[in-house]
Amino acid sequence: MTRKYFGTDGIRGHVGQAPITPDFMLKLGWAAGMAFRKQGKCRILIGKDTRISGYMFESALQAGLSAAGADVLLLGPMPTPAVAYLTRTFHAEAGIVISASHNPHHDNGIKFFSGRGTKLPDEVELMIEELIDTPMTVVESAQLGKASRINDAAGRYIEFCKSSVPTSTDFSGLKLVIDCAHGATYKVAPSVFRELGAEVVVIGAQPDGLNINADVGSTHVGQLQKAVVEHGADLGIAFDGDGDRVMMVDHTGAVVDGDELLYIIATDLQERERLTGGVVGTLMSNLGLELALKAREIPFCRAKVGDRYVIAEMLDKGWVLGGENSGHIVCAQHTTTGDAIIAALQVVLALRRRGQTLAQERLAWHKCPQVLINVRFSGDRDPIAHPSVKAACDSVTERMGGRGRVLLRKSGTEPLVRVMVEGDDEIQVRGMAEELAKVVTEVCA
């Protein structure tokens, strides 16, 4: 069945443009409340990032949920994975996150977690969509839901993060720079690492509702690179606006992406005989990662891009580790979804165990040159299906002679076509990527 509102990662868009409007959020809250209270009264958690629009949408969702007879537990600004965790621990029927992840402040969105802290099954999302398009009715006054605020949510999540490493863990002597993207991790992430003994320098932790992800965070690491070098830090950690992506910077200022972090965690788990199965990556994962894991006899498979597909593949195979080069990393022995703080903890712990620097670990394997170009498009036409684009892809693939990969895909969250070319010659790879991007741009014009 075709989805009307839900995309690959919930509902997302520009604030004030349908469906990211207060009236829609009211109806969405009501529809979700009706869907989850099939068995009677229910409790639903709401968390959000630091966007100014989050407060407006929180109120609208709360009103809709209450009208459907659902009690609401308000967490305030809290990382997306924290909402998943707290939904489980409070035995709530569902959790709702108000966030547009790494997008600018003028975007916002909604994603749901089931009572188990996992992404909602497709059938539940479709049920909510059907209810949105039905007339809204309010339960009897005695059945209206109540709202309350969970004041110790941050402390609960901090302790949960720390529980993902041994109680003997001591990061004393380690100097870190943490970039919170002016987002949902700004209170909890520095506390986690400080309480484990690290010296922490914090940037990107002054949210004003408008500066989330603005030249900071996992998609804009320039300030972190500069701060790491200036402060003589051992490494830097950058989170995105909602705390489900992480990138790192070594002491020289070099960026360490999700593929490289996955390799560090995977090999550490293997050495400690705690790696169940192999590693799930995506179509965008660097070919070098696959080859490096193969050299360590660690199985590797690719899922479609998007953490929900990575998690689905992990569950299908019974594996405990997966992620994306963008920094979504899922450590299933600890969490039910991608958790940037917990992934960062596993990396730092692995470095301490091995007595290695992040720079040394970064050089442990060779990344194949990979060029990614985003091309914006509009309208309903699929540029990837255009004959000119297909012909250009076939031409590039043939010229690579089996020594690389070509991938074109539409973003699940933005009107973008992502053009990716990977191979063993950086100049050739860039030229071919630009050639393909030019064709896609012409088709989209």
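Cβ coordinates are placed from backbone N, Cα and C, and glycine is handled just like the others.
Cβ environment of Ser101 (active site, phosphoserine intermediate): Asp9, Thr80, Gly109, Asp240, Gly241, Asp242, Asp244, Arg245, Thr413 lie under 8 Å away, each six or more residues apart in the same chain. Residues or ranges marked as active site, phosphoserine intermediate in Swiss-Prot (evidence: sequence analysis): Ser101.
Mapped onto three states, the DSSP output places Asp242 (Mg(2+) binding site) in coil. Residues or ranges marked as Mg(2+) binding site by Swiss-Prot on the basis of sequence analysis: Ser101, Asp240, Asp242, Asp244.
What Swiss-Prot lists as phosphoserine is Ser101, and the listing cites sequence analysis. In this structure, Ser101 (active site, phosphoserine intermediate) belongs to neither helix nor strand by DSSP; it is coil.
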Give me the sequence-ordered set of same-chain residues, not including Ser101, Asp240, Asp242, Asp244, with a C-beta within 8 angstroms of the centroid of the Mg(2+) site's C-beta atoms.
Asp49, Pro79, Thr80, Ser99, His102, Gly183, Ala184, Phe239, Gly241, Gly243, Arg245, Ala340
